[in-house]
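Here the structure comes first, spelled out in structure tokens, and everything after it is commentary.
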Amino acid sequence: MSAVNWVFTLNFAGEVPVLSFDERVQYAVWQHERVNHDHIQGVIQLKKKAKMNTVKNIIGGNPHLEKMKGSIEEASAYAQKEESRVAGPWSYGELLKKGSHKRKIMELIKDPENELEEPQKYRRAMAWSAMDESRKLAEEGGFPYTLYSWQETVLGLLEEEPNDRIIIWVYGPNGNEGKSQFGKFLGLKKDYLYLPGGKTQDMTYMLMKNPKANVVMDIPRCNSEYLNYQFMELIKNRTIFSYKYEPVGCIINNKIHVIVLANVLPDYEKISQDRIKIIYC
């Protein structure tokens with residue numbers, strides 16, 4: 001018998017067992033209870049189906065296991081009931097509800113045959129999953145390097161309210177100044193979109209997925225002569241139109257930050273000088 005969702009009881013005497021889970025586990029919640037004796041009552045949701053012995057090894061301590069009969073929400077609530085609680089509850093990971101978007105993605109990428117049957121959906125699901133994992137790591141750990149003074153300056157500017165004119169232009173001609181690392185870090189935030197430059201239609205297509213996002217444009221040195229000033233002005237003016245695959249567009253009231261990371265200075269024949277705030281690396 002194999003399943004994704006399980007309920008478990010772990011009897012013990014003495015110190016409360018410390019449960020530790022790995023990447024095979026999507027979500028778990030448990031607490032110390034006492035009725036006639038001390039035990040851990042819990043729920044575990046795996047990323048893919050597993051047999052009982054495997055789940056026992058994941059939890060440790062030879063727990064009593066049962067395949068979940070109701071919904072994961074009901075089981076999770078029961079595992080956190082107050083009546084018999086001594087300590088806890090404690091949790092691990094993120095609960096995936098049945099029918100949720102994230103659950104569908106996880107189910108799609110679990111079966112390699114989907115790569116052949118639905119290659120476009122499979123690739124998008126893989127990309128979404130990898131991005132979601134990277135976002136969690138960024139949220140937990142913060143920027144993984146010591147901040148340069150210019151990075152601290154930019155972070156200070158981003159804490160201010162954006163306006164409808166200023167584009168923050170980070171200029172570093174030499175390379176190895178932390179621009180791309182910093183840009184990717186910002187791009188992992190949920191209210192930011194990271195773009196490595198490109199054509200207007202390609203970038204507006206990406207932006208339409210989250211049109212209220214702040215935009216980070218990290219321009220590779222080899223593309224410096226093809227800087228897309230049209231896109232910068234469009235998104236700063238909050239007029240976003242994409243004709244890629246299907247026509248879609250919107251005029252938005254919110255103001256956003258636009259950050260350009262480049263090895264060159266802006267061309268003032270192509271963009272108004274009063275729009276640009278230069279930060280030197």
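Glycine is no exception: its Cβ is also placed from the backbone N, Cα and C atoms.
What Swiss-Prot records for E33, H39, E83 is divalent metal cation binding site. When other Cβ atoms within 10 Å of the Cβ of E33 (divalent metal cation binding site) are tallied across all protein chains shown, the result is 21. Secondary structure at E33 (divalent metal cation binding site), as computed by DSSP, is strand.
The ATP binding site annotation in Swiss-Prot covers G178, K179, S180 and rests on similarity to another entry. DSSP gives S180 (ATP binding site) a helix state. Residues near S180 (ATP binding site) in space but far in sequence (CB under 8 A, at least 6 apart, same chain), listed by position: D218, L261.
According to Swiss-Prot, the feature domain 'CRESS-DNA virus Rep endonuclease' maps to 1-95. Predicted-model confidence for the domain 'CRESS-DNA virus Rep endonuclease' (1-95) is 89, expressed as mean pLDDT.
Marked as motif 'RCR-1' by Swiss-Prot on the basis of sequence analysis: 7-10. For the motif 'RCR-1' (7-10), the residues of the chain that approach it from at least six positions outside its boundaries are 17, 30, 39-44, 55, 59, 61-66, 68, 75, 78-79, judged by C-beta separation under 8 angstroms.
Per Swiss-Prot, the feature motif 'Nuclear localization signal' maps to 48-69 (among others); the stated evidence is sequence analysis. Within the chain, the motif 'Nuclear localization signal' (48-69) has long-range Cβ neighbours (under 8 A, six or more residues past its boundaries) at 1-12, 17, 19-22, 24-25, 40, 42, 75, 110.
The feature motif 'Nuclear localization signal' is assigned by Swiss-Prot to 95-101 (among others), with sequence analysis given as support.
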Q | Neighbour count (Cβ, 10 Å) for K179 (ATP binding site) | A | 23
Q. Near the ATP site, what residues other than G178, K179, S180 in the same chain have a C-beta no further than 8 Å from the centroid of the listed C-beta atoms?
A. G172, E177, Q181, F182, G183, D218, L261
Q. Out of H39, G178, which has the highest number of nearby Cβ atoms, where nearby means within 10 Å of its Cβ, if these are the binding-site residues?
A. H39
Q. Beyond E33, H39, E83, what residues of that chain have CB atoms within 8 A of the centre of the divalent metal cation site's CB atoms?
A. Q31, H32, R34, V35, Q41, K81, S84, R85, V86
Q | Whole-number Å value for how far G178 (ATP binding site) lies from E83 (divalent metal cation binding site) (Cα to Cα) | A | 54
